[in-house]
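*Asks:* Sending over a structure as structure tokens; questions will come in a sec.
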């Protein structure tokens, strides 16, 4: 058995501290560098704030329809030339027959043909001017949309100049045109220029257009309530819609003419198809029933209110299709703006009848 170990003392030496020369880092000497070469900022492909703003914004407008085939236009042009040749041959034969009977009858027939030809030429020129004016308004709307998207002040000023010349005959826009002339050098933003022009030039016309739409809707509601046949209702609704389109066109861009009116009607129908007029009709009925309006009105006046609201819907589509600038600074009229006034008018009419 081993002997127990005796206690002993040991000396522990502290660890050596590092020298200041070893711990000191090498200090880099100052030097000049180029920021564009040394620093390169790469933006993120997707910005979360941009995506949130895009989701919250209004839906984009519908894309322009593709151009259709020109076969229909070629057919109409060829048919028109054939009709013109036939009319010319008929007029020549008629004048020859009149000269064979008496000279004065021949000269009278020739004079009447000349007057008819001049009148036809004047009508064609007027229709061409009306169609060109309507096409210029559509181009103006596209140019304003492009200038607003790119914030192009130069193009915005050109659009505003064309708009001022288009609306020069309207006394309601005189104050707005003077205001734009005073602010011509003060505003440098293209978007601000277009917003100011919309408020100063188109806002007074928008109020008149809404009054035209409301008056047409009131007339349709009254005629629907008193007409004995449904066919008369449909006929009057079509008549009122045609007259409303023509008046709105005269308000914004002048008299459309026959062919210009056909083109305008096609644009309005396309706008109604894009926005869903049938769904809007269901919404109108739901609003009328939901507000208890159907219970306060008679059956015929209830039908009149529905037809009047559909007429107002056509008027709203026409305003959007005819207006030279898109709705941005001015609030777009909604179906609710006409519902209250029309139902109050129908209730007052129903009270007078009872």
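A Cβ is built for glycine as well, from the same backbone N, Cα and C atoms used for every other residue.
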*Asks:* Please find, within the list 42-62, 105-125, 126-146, the residue stretch that Swiss-Prot describes as transmembrane segment.
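*Replies:* In Swiss-Prot, the transmembrane segment feature sits at 105-125.
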*Asks:* Any idea which of 8-28, 71-91 is down as transmembrane segment in Swiss-Prot?
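*Replies:* The range carrying the transmembrane segment annotation in Swiss-Prot is 71-91.
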*Asks:* Tell me which of 1-28, 169-196 corresponds to the region 'Disordered' entry in Swiss-Prot.
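*Replies:* The listed stretch tagged region 'Disordered' in Swiss-Prot is 1-28.
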